[in-house]
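Below is one structure, written out as structure tokens, with a few remarks after it.
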Amino acid sequence: MGKDGIVNKPLADRSGIATATRVVVKVGSSSLTAVDGRLSMPALHTLVEILAARRARGQQIVLVSSGAIAAGITPLGLTGRPRDLATAQATASVGQGILVARYTEAFAYYGQRVGQVLLTAEDLIRRTNYANAQRALERLLALGVVPIVNENDTVATDEIRFGDNDRLAALVSHLVRADAMVLLTDVDGLYDGPPGRPGSRLVPQVDGPADLSHVEVTGRGSEIGTGGMVTKLDAAAIATGSGIPVVLTSADRARQALDGENVGTWFSATGKRKSARRLWLAHAAQIRGRLHLDAGAARAVTDGKRSLLAAGVVGVDGEFEAGDAVELVGPDGVVARGLSAYGSAEIPEMMGKSTDQLRGPEDDRHPRAVVHRDDLVQVRVRLRRP
Ligand SMILES: Nc1ncnc2c1ncn2[C@@H]1O[C@H](COP(=O)(O)OP(=O)(O)O)[C@@H](O)[C@H]1O
Ligand SMILES: N[C@@H](CCC(=O)OP(=O)(O)O)C(=O)O
């Protein structure tokens, strides 16, 4: 038992959130904006009041807040959300300052301080950057500050970016070893079909991928949000797969969710902590190409959890460089994702050759596996995506 009755144990159900030590709360653009796309001050103030009350009780809160682009639309005189990368970057640059200024004022009303943390996907996958971000967040929390995290949209490139903040929140939850993640959006939970469709029902609890087999989700979000339910389910899979349970509900129910009441959808923790790179690879990396495997290689990388050797590769699709993420496809479909040690141009002449053949008689170097087992994750979750 810690300060103010706060305990630090894996949470078995929603009720544990009320006394958890550290909670990551993610709020989407759709919950922070008015119908005209402008930042909604009442929505922001309502959220801050709830979070400040948790802070006052000793709970550590990391807020992952979208809304930078939304907050930049009006000052720049735009008619809607920009679609091209350069204008989105510029709009986020203008809006992020406004967003954090509003949070700073709102939390200050309750005598609390906030710190802005802007992250890129790279910060969460490169080990040195990861350790750096972790250290900064830990210190902010130790100082009693509420870190307000967003993607660094102004420098993120189309090549490597989250775009939505759902997966960013899941990796941040992993980074700070949160006890739970609360995803706040504009629907009160996960539905088994599009929420507007008659007959769609709320799914109160998800204990594993099997509970999602009948769920139909779309990647189309609200007018203002990005990624829809697809990225939220990805985020839930990332967090729960590394031991962090998730509650998904509407921002209107934030107070009840943080009080551990029976609202929204609860995703139970399913796995143990994994490296951030593997989490990224499994759920967020941009796939650059495909390697086709024979049946033996597909079995070796799945059942045997072994490295993929050139001898088992029978084909290659796409153009990629060494270090890029690729899908590994066996005779029955995708079996894994991995970081290829070779570029797509090098692989065809290696395919089917044994390690000895690749090395040559004069050469005592040990050729690298095409995908090393440490750079490989199996793919199991299948969602129905119309
Ligand atoms: N099966 C589903 N259950 C709930 N919501 C869904 C589902 N499929 C699609 N959605 C849509 O996802 C939207 C939320 O995603 P998004 O707009 O990206 O929110 P945010 O801005 O909070 O990230 C909802 O408005 C909803 O219409
Ligand atoms: N980083 C962006 C967030 C993009 C976005 O819309 O995300 P989300 O609301 O989580 O779907 C911003 O602050 O505008």
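Even glycines carry a Cβ here, placed using N, Cα and C.
Going by TrEMBL, these are the annotated features:
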| type | residues | note |
| --- | --- | --- |
| BINDING | K26, T185, D186, T226, G227, G228, M229, V230, T231, K232 | ATP binding site |
| BINDING | S66, D153, N165 | substrate binding site |
| REGION | 351-370 | region 'Disordered' |
| COMPBIAS | 359-370 | compositional bias 'Basic and acidic residues' |
Inter-residue C-alpha distance, K26 (ATP binding site) and D153 (substrate binding site) (nearest angstrom): 17
Check the Cα-Cα distances from N165 (substrate binding site) to the binding-site residues D186, M229, T231 and tell me which is shortest. T231
What's the CA to CA span in angstrom from D186 (ATP binding site) over to S66 (substrate binding site)? 13
D186 (ATP binding site), number of other Cβ atoms within 10 Å: 19
Among K26, D186, M229, T231, please name the binding-site residues whose Cβ is nearer than 6 Å to ligand 2. none
Structural state of M229 (ATP binding site), classified by DSSP into three states: helix
Whole-number Å value of the largest CA-CA distance among S66, D153, N165, listed as substrate-binding: 11
Which binding-site residues from the list K26, D153, N165, D186, M229 come close to ligand 1, meaning a Cβ under 6 Å from one of its atoms? D186, M229
Neighbouring C-beta atoms (10 Å sphere around the C-beta of T231 (ATP binding site)): 27
